[in-house]
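Taken from TrEMBL as is:
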{"type": "DOMAIN", "residues": "43-159", "note": "domain 'CUB'"}
{"type": "DISULFID", "residues": "CYS166-CYS178", "note": "disulfide bond"}
{"type": "DISULFID", "residues": "CYS173-CYS191", "note": "disulfide bond"}
{"type": "DISULFID", "residues": "CYS185-CYS200", "note": "disulfide bond"}
{"type": "DISULFID", "residues": "CYS234-CYS249", "note": "disulfide bond"}
{"type": "DOMAIN", "residues": "254-365", "note": "domain 'CUB'"}
{"type": "DISULFID", "residues": "CYS437-CYS452", "note": "disulfide bond"}
{"type": "DISULFID", "residues": "CYS455-CYS467", "note": "disulfide bond"}
{"type": "DISULFID", "residues": "CYS462-CYS480", "note": "disulfide bond"}
{"type": "DISULFID", "residues": "CYS474-CYS489", "note": "disulfide bond"}
{"type": "TRANSMEM", "residues": "497-523", "note": "transmembrane segment"}
{"type": "REGION", "residues": "574-614", "note": "region 'Disordered'"}
Amino acid sequence: MEQRAAAGPEGAPGARAQLAVVCLVNIVLTGRLSSAVPALAACSGKLEQHTERRGVIYSPAWPLNYPPGTNCSWYIQGDHGDMITISFRNFDVEESHQCSLDWLMLGPAAPPRQEAFRLCGSAIPPAFISARDHVWIFFHSDASSSGQAQGFRLSYIRGKLGQASCQADEFRCDNGKCLPGPWQCNTVDECGDGSDEGNCSAPASEPPGSLCPGGTFPCSGARSTRCLPAERRCDGSQDCGDGSDEAGCPDLACGRRLGSFYGSFASPDLFGAARGPSDLHCTWLVDTQDPRRVLLQLELRLGYDDYVQVYEGLGERGDRLLQTLSYRSNHRPVSLEAAQGRLTVAYHARARSAGHGFNATYQVKGYCLPWEQPCGSSGDGAAGDAGEQGCFSEPQRCDGWWHCASGRDEQGCPACPPDQYPCEGGSGLCYAPADRCNNQKSCPDGADEKNCFSCQPGTFHCGTNLCIFETWRCDGQEDCQDGSDEHGCLAAVPRKVITAALIGSLVCGLLLVIALGCAFKLYSLRTQEYRAFETQMTRLEAEFVRREAPPSYGQLIAQGLIPPVEDFPVYSASQKTPRKKTGTPVRMMITPTPHTMGSEMKLKTSRNAQKTKH
């Protein structure tokens, strides 16, 4: 059963009838509404789901006027048995007959299945309490809308009834429901039993800025908090009725000497002031007149060519350069320490830079500013009795960014169990202490790897408070944003070069072994081929071929192995047989003798000659 809690005195029926039309209608009233509902799919075309325990939802373009022709949808999902309570902080939706043009709708189901509340007008609606564990929210602005209405901003909380205790920043209703502290005595019954508005002497004011979206700031003195764009803060024009948008603005002078125990200063172009045709060069000299360390915290919005240099000591260049900051350090707080209570800040900006300088605060380390809380447990203003010297402000509490080395500012947050820490952005995601600063993101935005005061074993701590793997240290490549992982390294060949050389030599050696193996294999195959055709006869033939050739005729005569032959026969082409010059035929016979060995043979000559006379 869904119900709307009764309104307080300001929400009396008579007064409310003059300011707004709040209708309880059935969604299937007109075909026009039914045709419009299917187009609702969040302002960006996608349903926006909320599963965190507490959250804020606001109309498109908030805090500016919402555009015409807009359809948005949100879905809040709780755990089984949860009760969801919605309280409106601001409400200004263009009024029409029966809220037929612009309207905000809340209900337990997507239309047109069940009836839901359709709201319009400029009065703050009463709280919406759902006994279901989920709520649908739809916003529609007609194409004919004037575009002069600001829209709405609501906050919600989910939880079960009958809880014994609540978070530190919450209060407990008589029915056991836990609600945010600012909801108590705000003239709206969010408990459902009126216990949050009992014994109230005066309406409580909402803490400034607690429910404004990012990039905006509240008019803190207004009864119903109004959020304005950040660029209207300290712009020289009072946009808030009480002038709170111009109160407490930092000193925007281009350099000066600061001699207080703590303070703040900012560059002249912080809020978009014109720089003029020339470059901007400013120097601030900070002297706390205290020998202890001074802590400087900066929020940078530098342009591409802008930079800030922080020196230890006083003077144009100081005694020692602590750090040079560029646009790469934008969108994250930067903390620096000087060993003594004096430092110099020099700012350099180009004439056509798109940046907006910086905002800085300083303080003696170990003591907190009046609006901050110490990271330690002592309550006398000293930041910590266990060696931890840090501070954090209320907006920095449970923002997903560690401002204390122990993480005290992120402990006990409503969205996470007691032993876990929240991620940035109010996503409702949490991570364990072992997952922090190990160079492995556990949060989608990497909040568990930001602002690391120390690192997990096996990692290296960069000068920018980030952690990288220890093996990346001194590898010839800068992995830290400030290059601190390559500082103090020996002048040696980088490890990556050595690794590449070793791998190359191993590959070359392997190729050489493969080539030699192929050569030996080929030789072996060819040897086996020759042996396959070898027989006894081929071996004898080879032995015979390898024997020495017999000596020539002249060698035999010279060695006295044969006698010289007289009247050596001469061949004539006209003769059929050899003859002597005398015409006597000669017959030579070569016969082997028993004494012949090897190629040696005796030549025997027998002559059958005719009888001649000597």
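Note that Cβ sites are derived from N, Cα and C of the backbone, with glycine treated the same way.
According to its DSSP assignment, CYS467 (disulfide bond) is in a strand. Outside the transmembrane segment (497-523), and at least 6 residues removed from its termini, the chain residues within Cβ reach (under 8 Å) are 476. Mean predicted confidence for the domain 'CUB' (254-365): the pLDDT average there is 84. Secondary structure of the domain 'CUB' (43-159) per DSSP, as helix, strand and coil residue counts: 3 helix, 58 strand, 56 coil. Packing around CYS452 (disulfide bond) is summarised by its Cβ count: 21 other Cβ atoms lie within 10 angstroms of its Cβ, all protein chains included. Proximity to CYS467 (disulfide bond), judged by a C-alpha distance within 10 Å, picks out none of the disulfide-bonded residues CYS173, CYS178, CYS185, CYS191, CYS200, CYS474. Closest to CYS489 (disulfide bond) by Cα-Cα distance, out of the disulfide-bonded residues CYS166, CYS173, CYS455, CYS480, is CYS480.
Between the CA atoms of CYS455 (disulfide bond) and CYS462 (disulfide bond) there is a gap of 9 Å, rounded to the nearest whole number. When the Cα of CYS185 (disulfide bond) is compared against those of the disulfide-bonded residues CYS166, CYS178, CYS191, the shortest separation belongs to CYS191. The number of other CB atoms found within 10 A of the CB of CYS191 (disulfide bond), across every protein chain shown, is 25. In terms of C-alpha distance, the listed disulfide-bonded residues CYS173, CYS191, CYS437, CYS452, CYS480 place CYS173 closest to CYS166 (disulfide bond). You'll find the Cα of CYS191 (disulfide bond) roughly 8 Å from the Cα of CYS178 (disulfide bond). Residue counts for the domain 'CUB' (254-365) under DSSP (helix as H, G, I; strand as E, B; rest coil) come to 3 helix, 54 strand, 55 coil. In this view, the densest Cβ surroundings among the disulfide-bonded residues CYS166, CYS489 belong to CYS166, judged by other Cβ atoms lying within 10 Å. Considering only the disulfide-bonded residues CYS178, CYS185, CYS200, CYS462, CYS474, the Cβ with the fewest other Cβ atoms within 10 Å is that of CYS200. Of all the disulfide-bonded residues listed here (CYS200, CYS437, CYS462), CYS200 has the Cα closest to the Cα of CYS173 (disulfide bond).
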